[in-house]
Every structure is written in C-alpha cells, then in structure tokens.
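For reference, the structure discussed in these notes is given below.
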Amino acid sequence: MACASCLSLLLVLAMSSAASAQLSSTFYDTSCPKALATIKSAVDAAVAQEARMGASLLRLHFHDCFVQGCDASVLLAGNEQNAGPNLSLRGFNVIDSIKTQLEAICKQTVSCADILAVAARDSVVALGGPSWTVLLGRRDSTTAASSTTVMNSLLPPSSSLAQLISGYGNLGLNPTDMVALSGAHTIGQAHCPSYRAHIYSDTNINQAFATSLKASCPAGSGGAAVLAPLDTTTPTRFDNAYFSNLLSQKGLLHSDQELFNGGSTDNIVRSFASSASAFGSAFATAMVKMGNISPKTGSQGQVRTTCSKVN
C-alpha cells in the first residue's frame, strides 16, 4: 500500500515536471520569430506614455498566475475581472493591442498567457529593473475562475506575515520568493481603501508618513479614487527603495510592513534593502517560478485569437 502511494506521488511529480519542462525559452523561435520583439516594442511605448502602466501590466501577470495558474483566465471579459480584488486591474487595452499585432504576423500562435508573462518582464526592464529569461509555451484557459476562487486565491492587503508565507507557499513559492515578489511594490499605486486601516489603526507605521497620507485618504469611508505610490521614494523606478522604506516603517499597505515587523522575514528585507543586485536576482528567480504555476501546455486549453474571449 505504501509503495502504491509512493508510485502515485512520483507519477504526480513527474506529470508536474513534464508540464513545466514543456515551457521553453525558444518556443516561438520558429513559429513566430518576431513575437518577443513585437511585445517589447509595444510595452516600451505604453510605459513611455505612462510609467504606471508598467506596474499595471506586471500586476496582470500576478493576478493571472495566482488564480488557477498562468492561463490568461484573468483576461476573459467579465468573470474574474468582476471580483473585488480585480476591479482595479488595468492594461487590458495594451495586451489587446499586442495580441492584434501578433495575430497579424503569426495567426493563432502566441498565447495570451505568454503575452502576459513577457509583458511583465519587459515592463520591469522598461522601468530600470532586472531582466530574466521567460519560459514560453503556455496555452490559454477556456474557462475563468469564479469570484469565490479569486477571493480565496489573492491575498488581501490586510494579510499577516503568516498568511503571506502560507499563501505563497501553497503555490510553491518560499518566503524569499514571497518577499522578493512583494518588491514589485517598488512601482505602482494603491487606492485609499487598501491602506486606510494601516494608516489609521496600525502602530507599526512612521507617524509623519501616516499623517501625510491621511490628508487625502479620509477615515471611515470615501477616497475610493485616491491613489498613493507604493514606494514614495522612487515611485516609477524599479529598484530596492521599497525595502529601505520598510526599514523606516513606511510601507503603504499593512501586508507590506508585515515583511519587516519583528518576524522571520526581517533579515530578507534587510538584505534586499542593502543590495539592489540581491533583490534583482531574487526577483528574477521568483518571477520564473511564479510563471511556472500550473501552466496549460501541449493540447490543454487553446491559443485564443482574442484575449478577452474564448475561440
């Protein structure tokens, strides 16, 4: 009986490895050789027009991979997009434009899931961050996740350190990966309701920093359209300032400051704050791991011709 269980486990592990192994950095070299250059050109143009778009495109990839794997289900119109945590997602128009360009040169070849993965990398690079080799060959889901699944899969800004470690751990990402990926908050902005509780109720926050935020984010309710940069030091540059901010108790979200609050990840934050290269390397490693979460490959799913709807 024990051996049968071992065999089952080995089979599951082998199948899991096979799925990841089918992803390849050279996947489109023959079928669509201009794919990566096309995506990069479009991302560079979008970020040049609005720096915040880089953070928005990176966030799309996160919200895709954390909910039923990196399968572009987040791009399906309605569905996941209507779940609370996804209502503020942006950048769909940029992805749609890239898809249109790719369909014109390589019909039904490059998946929307792969576009998200490459656009995330190119966005980080465009804002001065590290690069990494994106593994390709994901296919697109034909079904979106339910709102309940989205709510259960995406960690809210109220998350504790234990919840963050557990949530990332369930996806095969260790605490170092979790802290590094949280460093994506070195770019982008958050809405007042996301940080209201932190600035009014938490004590582990720089009081002058909290006071400055309270000026535009009212207590109780309101301020839904008010935005604040997740990294006040260099809000549109992908660097390690986010971690230096945490050392000064200037994390915008409760979940940000939890990374440096007397817990097990304090030393990781210190390491990234003192070394931009250490952060960049860890972030690149973690992004490749995140991009490998439950990809559809081979004959699974489909390559959508329009990212917002199934074929």
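Think of each number as a place in line: the chain as shown, counted from 1.
Note that Cβ sites are derived from N, Cα and C of the backbone, with glycine treated the same way.
The active site, proton acceptor feature in TrEMBL is assigned to His63. Cβ-based neighbour count (10 Å, all protein chains) for His63 (active site, proton acceptor) stands at 21.
In the shown protein chains, 29 other C-beta atoms lie within 10 A of the C-beta of Asp71 (Ca(2+) 1 binding site). Residues or ranges marked as Ca(2+) 1 binding site in TrEMBL: Asp64, Val67, Gly69, Asp71, Ser73, Glu80.
Counting Cβ atoms from all protein chains shown, His185 (heme b binding site) has 24 others lying within 10 Å of its own Cβ. According to TrEMBL, the heme b binding site annotation covers His185.
Annotation comment: TrEMBL describes Thr186, Asp231, Thr234, Asp239 as Ca(2+) 2 binding site.
According to TrEMBL, the disulfide bond annotation covers Cys32-Cys106 (among others).
What TrEMBL lists as disulfide bond is Cys65-Cys70 (among others). In sequence order, His61, Asp64, Ala113, Leu116, Ala117, Arg138, Met290, Gly291, Asn292, Ile293, Ser294, Pro295 make up the list of same-chain residues 6 or more apart from Cys70 (disulfide bond) whose Cβ falls under 8 Å from its Cβ.
Per TrEMBL, disulfide bond is recorded for Cys112-Cys307 (among others). Within its own chain, Cys307 (disulfide bond) has Ala72, Leu75, Phe92, Ile95, Asp96, Lys99, Cys112, Ile115, Asp140 as residues 6 or more apart in sequence whose C-beta sits under 8 angstroms from its own.
The feature disulfide bond is assigned by TrEMBL to Cys192-Cys217 (among others). When Cβ atoms from all protein chains are considered, those within 10 Å of Cys192 (disulfide bond) total 20, not counting its own.
The annotation domain 'Plant heme peroxidase family profile' is assigned in TrEMBL to 22-311.
What TrEMBL records for 1-21 is signal peptide.
Arg59 (site 'Transition state stabilizer') has a Cβ environment of 22 other Cβ atoms inside 10 Å. For Arg59, the entry in TrEMBL reads site 'Transition state stabilizer'.
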Cβ neighbour count (10 Å, all chains) around Asp239 (Ca(2+) 2 binding site) is 19
Number of Cβ atoms other than its own within 10 Å, given for Gly69 (Ca(2+) 1 binding site)
21
Note on Ca(2+) 2: the CB centroid of Thr186, Asp231, Thr234, Asp239 has further same-chain residues inside 8 Å, namely Ile187, Thr233, Pro235, Arg237, Phe238, Asn240, Ala241, Tyr242
Cβ within 8 Å of the Ca(2+) 1 site's Cβ centroid: which residues qualify beyond Asp64, Val67, Gly69, Asp71, Ser73, Glu80?
His63, Cys65, Phe66, Gln68, Cys70, Ala72, Val74, Ser141, Ala144, Ala145
